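The disulfide bond feature in TrEMBL is assigned to 164-176, 171-189. Here TrEMBL flags 38-160 as domain 'C-type lectin'. Residues annotated as domain 'CUB' in TrEMBL: 202-317.
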């Protein structure tokens, strides 16, 4: 049977059974919670609907990339996993894009080059007139055929990341390190994710699924310690934004600093927003909205002149508030009233 006929053949039960192969070495590989291992790769189906660029960011924040489909069995496997996750999903994103490409060139979301000759295309595809990113049809005959689509449209998507050997620790950047190296005081991952949550340290990964949570400097409202170095990684549900509201702020001006980052699960993958310090009256306390489901707050102090520090709440879901002298783009559901005068910010 030639390759062309293979691409048109619906999957059989034999194909499905071949998905459960193990590495020839006999070693056991594991994935983070919520991911599914297939050989040395982990996969996760996200039912949340995002644009292709936003889906790419989500995969990167969880140590991976939008799924790379380079052979028929993988295409069938991914399609079957999407169906198992949610039978109502009709189309989903994979990591193929032709944004900025010419000729037959395409790229996977990790930047590696590919060719439009390679793929599981529907009839009359690929057609750049219908978009620059690839969606997969999950609705008909289990063929899982590809077509170009507008990258700004919102669809479910599939991520992949490297699986780790049993007993290893999966870093936030996708690396794997020996389990014994976690919380050893060394940045073995290269992004400090192996040191987050160490007992006795001032670092934590806080998940906010609903309602709100509070963070504060150590000992607040009493004085924080000297030489403080705290880090809070704040994570909301995929597809939601986070709202960070400061309730108090009293630190040594320009010395003991609260830094705010957004968009990534590590400092290396996040965008710096601003630094806060000094004594702020209640009416000047700021609010920040993340572009996605991640924010990071870092607090550092020197060896003298400690103050009461800060307290802030983090909220996810849909909330609205009125802020004066704030203007945020319409992508954050901002309604401008007057000229840079006030704004209604809605978080979805």
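Cβ coordinates are placed from backbone N, Cα and C, and glycine is handled just like the others.
Shown here: features listed in TrEMBL, placed on the structure.
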{"residue": "164", "record": "disulfide bond", "DSSP class": "strand"}
{"residue": "171", "record": "disulfide bond", "DSSP class": "coil"}
{"residue": "176", "record": "disulfide bond", "DSSP class": "strand"}
{"residue": "189", "record": "disulfide bond", "DSSP class": "coil"}
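Taking the disulfide-bonded residues 176, 189 in turn and counting surrounding C-beta atoms within 10 angstroms, the largest count is reached at 189.
A sphere of 10 angstroms centred on the C-beta of residue 164 (disulfide bond) encloses 23 other C-beta atoms.
For residue 171 (disulfide bond), the same-chain residues that are 6 or more apart in sequence and have a Cβ closer than 8 Å to its Cβ are 63, 177, 189, 190, 191, 193, 194.
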